[in-house]
Amino acid sequence: MTEAFARAKINLTLHVTGQRPDGYHLLDSLVVFADVGDRVRAEPAEALSLAITGPQAANLPVADDNLVLRAARTLGGQGARLTLEKHLPVASGIGGGSADAAAALVALARLWQVPLPDPAAVLKLGADVPVCLEGRAVRMAGVGEILTPLAAPLPEAWLVLANPGVSVPTPPVFKALARRDNPPMPDDLPGWPTVESLAALLATQRNDLEPPAIALAPEIARTRAALAAQPGCLLARMSGSGATCFGLFAAEEAARAAAEAIGTQHPGWWVAPARMVG
C-alpha cells in the first residue's frame, strides 16, 4: 500500500489578469499550503476502484469523473484500490479536488513504479493540479502552469480556515467578474522576515474573485468578518473562488484559540487551525 497527503491549497492572493481566446483565465497568485487535508491510499488490485471515507465523504459521492479516478487514468490502465479519506470541504476554494488528484498521482506512481505524467497532462486535470503536485509556496501564473519558486522562504505562520458550509462552483464566480484585465502583483516579491511584513504586503494585494463570490454567497463576507475579529488575526481573506476564508496568525496559540471561538459561535461551519507550509 502507498499513501499520499493532499494538503489544502491557499491562495494568499489571486489576481485575474486576463482571459485567453479559449476562455481560460490568466492568473497571478501567491500560493501556499496548510498542514491539513485529505489522504489518498492506493493498494494493488486487478481493477481500478475508489472508495471515499472521512467526515466529508457524504458530500462527495463516487462518480466516474472524480478527479482521483481521472488522475489515475492519466498514469495508464493498471488496477488499484483507491481510498480517499475526505476531510476538506467540497467545492470550497482550497483545492480539495486538485490536491486529491495530485496525491493520487503520487501514491499511484509509487505503487505502479511509473514516472509522474508530464505537466501538460497534469494541467488537463485542472488549473490547480500542477501547483498541488508542486506542494510548496510558489507564485502561480498563466492558467496555472507557470510556477515560480519564491526568492526567500516564508516566515513561520499559522492559518485558521473557515467555511460556512456553502459550496461555491467556480464557473459562476468567474462569470460574475466585473473585469478580467486586473493588474498583477508587483514583478518582484521581496522576502518577508516576519508574519507582520507578509501581512502588510498581502493587504496591498487582492483576491479578485472575492467580490463576485460574496455576491453569490453572502455568507462568505460573514466568514471573513468572523476571522478578522479574532485577536491576533493579521489578515482575513477568501481563498480561491470560495467559500473558504483564511485568517493569518503569527502564533499557534492565537490561531487555535480563534478556531475554537469561531467553532463555538458557528457550530455548523467547518473550521480548522493549521500551520502554513511554504
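Just so it is clear, glycine is given a Cβ too, placed from its N, Cα and C backbone atoms.
Positions annotated as active site by Swiss-Prot, on the basis of sequence analysis: Lys9 (among others). In three-state terms derived from DSSP, Lys9 (active site) belongs to an extended strand segment. Around Lys9 (active site), the same-chain residues six or more apart in sequence whose CB sits under 8 Å from its CB are Val31, Val32, Phe33, Ile94, Gly95, Ser98, Ala99, Asp128, Val131, Cys132, Ser239, Gly240, listed in sequence order.
Secondary structure at Asp128 (active site), taken from DSSP and collapsed to helix, strand or coil, is coil. Look at Swiss-Prot and you will find Asp128 (among others) tagged as active site, backed by sequence analysis.
Gly95 (ATP binding site) carries neither a helix nor a strand DSSP state and counts as coil. Around the Cβ of Gly95 (ATP binding site), a 10 Å sphere holds 29 further Cβ atoms from the protein chains shown. The ATP binding site annotation in Swiss-Prot covers Pro89, Val90, Ala91, Ser92, Gly93, Ile94, Gly95, Gly96, Gly97, Ser98, Ala99, and the record cites sequence analysis as its basis.
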Those residues of the chain, 6+ apart, with a Cβ under 8 Å from that of Ala91 (ATP binding site): Gly97, Ser167, Val168, Pro169, Thr170
